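S.K.: Have a look at this one.
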């Protein structure tokens, strides 16, 4: 069923349902579509009419009103060890009554295994596949989930659920084994995980899994022999590199299970495995001492650690207890950082070696400083700023080493030029950085001095001095800018980089600082709500400076009135044009352009801006901009349909000149680059006053002013530029440098596009002609005479041949006339005989016109010259045996997708002959004659494909449907045959007869 939806320009045929979009029974019924229901036997959502045998059982086609999907509610057992086989009981609700053998299908890891199933009152039961046919469990996993579905031998799956195959043997530790969600147990002495303790754990200590049902004396990971975390509660054992150390760890309930066995400690350092003996005393394992070293340049590395018993059985290590080997010297390169390292490393500063080391590595005569002591020799490497206003309030950042372990070490020990500097606690970085605020000297006089940091009894002093200065403002440039702001204001003066917090203002409007130096600062003006004159003020920390003798003026924003380039368009609209190479002059008219220092034009292509500069021609009203160059990779430009791009102008912060495309409706037109062709000859001789150069798309976006023609070092004055030709006036011979007779001709378009055309010679060809001697002249004359003689001979031969052809044509014409007369005579005789036979026939007709019955009429059209075709033989015994297969094939024929694919596949076979095509088409039409609406739909699709194929192969349209070379053409003739029978019998038959 369809709805017809009408709009202003078309009528659409829309289905009222689309059942196929629902892929499961729940979603199909949940949609509550009255036309859709779940077809259980075919496992699809469909119309009732499209579901096979839907009327036989209410559960074959389930409507949304019932809401009862066929569902597997329980599988017993719901998971199974992969190495075993069991019979599964599947409880299935709303299982329809089905004929044939039930099957269980197990699908997992791209493999499907089938086993027989038996119908039971509660559902079905079936066995799992043989264990040797199951796929292996993927590496690193302990199970895989299979899709368990139930089907019959005659159809697809009609219900499915998940079923898990697991393997306890994949667990390598007791903790993982007994903590898993599968019924796995751990054999302590056997050091293995198993699902069958009776078979695999005889006379062994057993730890049962948490998923095992039933009472157990030892259940769960709490009964596994394990290595505990270290005494301080962490899973790290810290060892300095190069130190020999004995490792000890606590273990859990080993004494209950493991007695009189040898223990070994195993260390894996950078891939090198080391074993040492160990002893168990109470609940602690003591490993023999071993030296820990590594070659990597990293400050520390992690080494794995294990305790082995019974030769090859590692104790569980659930907390991943490991060894962390470190080098103090690689973690700190100075005393301050060394003493600030975490206490757990035990690092200190060895003054003898001047390195960060553990105490054991520092020689006995040397002094080793621990984290509670103070580093000597604080050093100041740099500080900024180095200038500040004598008003004070400057934040000074001091960088160095050994600048105190904490803020209290240096809080009262920082001075700047003899003035105390107050540290800022939040910005202090231990041993490396101090940020402090210094006050002014209290008098308006220059003053300078070093930066000094005192740490306990030690003192660090900077090499450079800090100076208190008096910043001054002398002038500004420019002295006006647009009201919208964005003007880069250049400020000149003295000590303009003094201080840590420098700000600028126009009256009360901020001017964002962009850069500062000793004699110059640059700031960016902000938007003003009115046109006005303003005073520049600058703040240097606590000091304020003002420029009184010069003012900055906010003037009106610039306005763009028109933008154009290239030749005028047919519509006379003014639009900017350009080429991918860029450099085309764009004329911009407007007002107030003098308020902008550096105007730019931009064009957006592929969400990327391309920018080019502009310059002022007239002070206020006229700009010339270059068209931006645009990456042409991947561009396929049509010269008749240029690419329309968004464009605008960057004029400080003026918004009104940005994105002009959306505001004016005019786009930037991008044409392909012009192409200038080289001269036909290597050297072109200068014959007249003008030089012509040919090409393509020369004036699409360009005018004469955009093109320069260079002849040597001189210019050729361009006089005209057309679509395919450029004309210019070359310089005279006298204007060329001496000794240059054949200068290069080069065409430049814009700024980046250059073509080398060839060479131009100013030498006359007269001298060349004078050099031709008499022998050459005689040779030319002789050649001309020979050519004339050859032409005369060819003319005579052609005349003879034409006369002979005329004679042969006349004889053929006479023979055709005689043949035409004979054919006319024979037609007259045959027509007379036909009239006699028709008279005899009509005289014999007494009971009406002898119409054939429908079956005979259709068989003569579909299968001519075959009286007893197989389609009329219903009682053949071999057909009874194939009844089921034919019925299922008939159902497939009623599937449009299958039928179209079936026909296309047959026609694509080169051995599929013309007779086979006619026969297949006739058989299909016999099947579809009772479903003419469906047949018409299929035929329309086939004819559309046939027409499209005819157009693609560029065959003559008149040949279509003439030769019946396809299945579609024969089906069309049969379609007309079926539909015209009634019309012929009731209306047209008698007049035609």
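Every residue, even glycine, has its Cβ placed from backbone N, Cα and C.
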S.K.: Can you identify, from 730-752, 753-775, 776-798, the stretch that TrEMBL calls transmembrane segment?
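M.R.: So the range that TrEMBL calls transmembrane segment is 776-798.
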S.K.: Should anything in the same chain at least six residues away from the domain 'PSI' (167-202) have a Cβ under 8 Å from its Cβ atoms, list it; otherwise answer none.
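M.R.: For the domain 'PSI' (167-202), the list is 79, 81-84, 137, 141-143, 208-213, 219-221, 223-226, 257-258, 310, 313-314, 316-318.
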S.K.: Based on Cβ pairs under 8 Å, which of the stretches 327-376, 470-555, 673-756 lies most in contact with the domain 'IPT/TIG' (567-663)?
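M.R.: So the stretch in question is 673-756.
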S.K.: Report the mean pLDDT of the predicted model across the domain 'PSI' (18-70), rounded to a whole number.
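M.R.: Summing pLDDT over the domain 'PSI' (18-70) and dividing by its length gives 84.
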